[in-house]
Amino acid sequence: MIFDVLTLFPAMFSGPTTESILKRAQQAGLITIRLHNIRDWATDRHRTADDAPYGGGAGMVMKAVPLAAAIRAALALEPKAPPAPVILLSPDGTPFTQALAHELAQQPRLVLLCGHYEGLDERVREALVTHEVSIGDYVLTGGELAAMVLIDAVARLCPGVIDAASISEESHSDGLLEYPHYTRPAVWEERPVPPVLLSGHHGEVARWRREERLRRTLARRPDLLPHAYVAGQLSQADLRFLAELGWMP
Ligand code: ADE
């Protein structure tokens, strides 16, 4: 998977993309993150990438000319491949979810555009942006942190980046939250590990974990259960257990 990131602040990406799993994934050639400074496509001496809005008002707007040139140059980096999605990170976008992360992980390449100031010239959005994604209902100072969140969530789903087994039962993978985890010691500050986990009985452990996922989802994110139900992710045993806890579809 190739991520081409268009940003006014490439230095912001060091740290999140240069440590830990993303670092290893890049070293192993499983993902490539290329940073492009939008200012490099500015045409004036001051490398201006923003300007005052037509009609007046607060803030600045990202200029169409350098932005469009930057996007087109990024698209041209892989001329033989079908055009990559161009994703604008913005608080107006489609909410980012695990399901969207899985969908994007199917692509060979993503072009990520980090919005700034009051936004970008609407004509660039119309002409060149194919998707708009928000990481939550709050406003960041720019799209960079959102792009890093998207890269992190999508990269870990790319084959080989992390152990496939950790993905299948993690939070949100099938519409439920994750079960609790424990490691040694068996008793910590008078708190024992749930005995079933020490029983060596794999079937019982699996059942306990499934029930803990259901219990936790009902307690913390009951809004997720109707979606899991409609998506056919709740078995008859799940529904019986949830009924005991007082939840009915
Ligand atoms: N840029 C500013 N706020 C954002 C958000 N919530 N999601 C994505 N990009 C943003």
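Backbone N, Cα and C define each Cβ position, glycine as well.
Just so you know, TrEMBL annotations never went through curation; they're auto-generated.
The model shown is predicted, which means the values in this text are computed figures rather than measured ones.
Annotated features, as they stand in TrEMBL:
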type	residues	note
DOMAIN	1-225	domain 'tRNA methyltransferase TRMD/TRM10-type'
BINDING	Gly115, Ile135, Gly136, Asp137, Tyr138, Val139, Leu140	S-adenosyl-L-methionine binding site
Quick one: average pLDDT across the domain 'tRNA methyltransferase TRMD/TRM10-type' (1-225), no decimals. 96
Count the Cβ atoms, other than its own, that fall within 10 Å of the Cβ of Gly115 (S-adenosyl-L-methionine binding site), considering every protein chain shown. 27
Same chain, not part of Gly115, Ile135, Gly136, Asp137, Tyr138, Val139, Leu140: whose C-beta falls within 8 angstroms of the C-beta centre of the S-adenosyl-L-methionine site? Give them in sequence order. Pro91, Ser134, Ala146
When the binding-site residues Ile135, Gly136 are compared by other Cβ atoms within 10 Å, fewest goes to Gly136
Farthest-apart CA atoms of Gly115, Ile135, Gly136, Asp137, Tyr138, Val139, Leu140, residues recorded for S-adenosyl-L-methionine, distance in Å: 16
